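Visitor: So that we are looking at the same thing, I have put the structure below in structure tokens.
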Amino acid sequence: MKLTNARCISLTLISFSSLFACLHGEECRTGMYPPKGPTFKSNVTWYTLDLDLPPAQRWTHVIKEKKAELAAMIQAIKDLANGIFHGKLIHLVDTELPLIVDMLPYPFNEEIKGIASVSDVLLGEVVLFNIFYEVFTVCTSVVAEDLNGNIYHARNLDFGLFMGWDLKNHTWTLTEKLKPLVVNVDLKRNNRTVFKSTSFAGYVGMLTGIRPKEFTLTMNERFNVDGGYVGILEWILGKRDGMWMGFLTRKVLENATSYEDAKTQLALTKLLAPAYFILGGNQTGQGCVITRTRINTLDIWEINLKLGRWYVLETNYDHWEKPFVLDDRRTPAMKCMNKTTQANITLSTIYDVLSTKPVLNKLTTYTALMEVSTGRLESYIRDCPSPCTPW
């Protein structure tokens, strides 16, 4: 009980500090690119994934190098779950989740089996690791068009909200465990790039990706009462007409042939969880935020130069609603985008925007920058030394 009370008190303090930070955000950062200084932790290692291999073998070389880091991450998840559920959840994970892996769509089920085999992590725990991203990502994504019609797409991926606050180091436990698992992946078929992604070793879905010359895609969680927990529970109980978000984004990146094709698939496919899909194309005006329920599309908000809308920016709240006062990353991000102006927008100035607190915060795992015309994908592991907002 004492531990629970301590956590409640610490989270209350975190909430108040976040409130003050959101209301009094710092000035827009400049000159942050190329990445350097205390907010830059490291570059991200590149790996090639051969889609011509059997699915169970595709991740072998990645997992062999990241085996210890994956085990540490899953142990941190287990420790957190044991503290809350007194071991009951992990027993369920170890006994029940392996039974449902074959019900996952191909090839994801076979890739998960391969990862478990190589990593020596229990199959159910690898399934749990993949489920986490359906419900715990808190992000900022932006698509912008410059005066020459070039489309840029970038995102901060924030992960680990309420996942074990480290009072000594002022960090989120799972966020820090996740950073060593960030990888860049070049997915190839017939020795030619199909798409590139920034992802996590052990996770077979995709949250950030670029199909060179065609489109870019990121996914942000959408907070909703009818959220991911409901869809996942329904799926486990046998109602499986919805698609896992990370699986859908990967399927679209792998198979869609154009911006419009990708937009249609993202708008019409039933999901396990509400989501925002942020999509960028290769022509002027091709940038949008698709606001999804689990069943249908509520809105498609697009770049519209005639209306002066040269960028679209999404955090985790419907763009027509005000964000939660304790989690307003949208207002400072848009302030910095507007201050930058369309005439000066580049990937380097967008990196400045994503480096400004509270857009950059204690949950920020990586920043990804994408330019569709060149097929460029750059990703950087981030740090946010104190004073820094918890989210």
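Cβ from N, Cα, C; glycine included.
TrEMBL annotations: computationally assigned, not manually curated.
Not my notes, these are from TrEMBL:
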type	residues	note
SIGNAL	1-25	signal peptide
DOMAIN	43-100	domain 'Acid ceramidase N-terminal'
DOMAIN	139-376	domain 'Choloylglycine hydrolase/NAAA C-terminal'
ACT_SITE	CYS139	active site, nucleophile
Visitor: State the mean pLDDT for the domain 'Acid ceramidase N-terminal' (43-100).
Guide: 89
Visitor: Tell me the residue counts in helix, strand and coil for the domain 'Acid ceramidase N-terminal' (43-100), as DSSP assigns them.
Guide: 41 helix, 6 strand, 11 coil
Visitor: Using a Cβ-Cβ cut-off under 8 angstroms and a sequence gap of six or more, which residues of the chain neighbour CYS139 (active site, nucleophile)?
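Guide: Listed in sequence order, they are ARG155, ASN156, LEU157, ASP158, THR218, ASN220, GLU221, THR315, ASN316.
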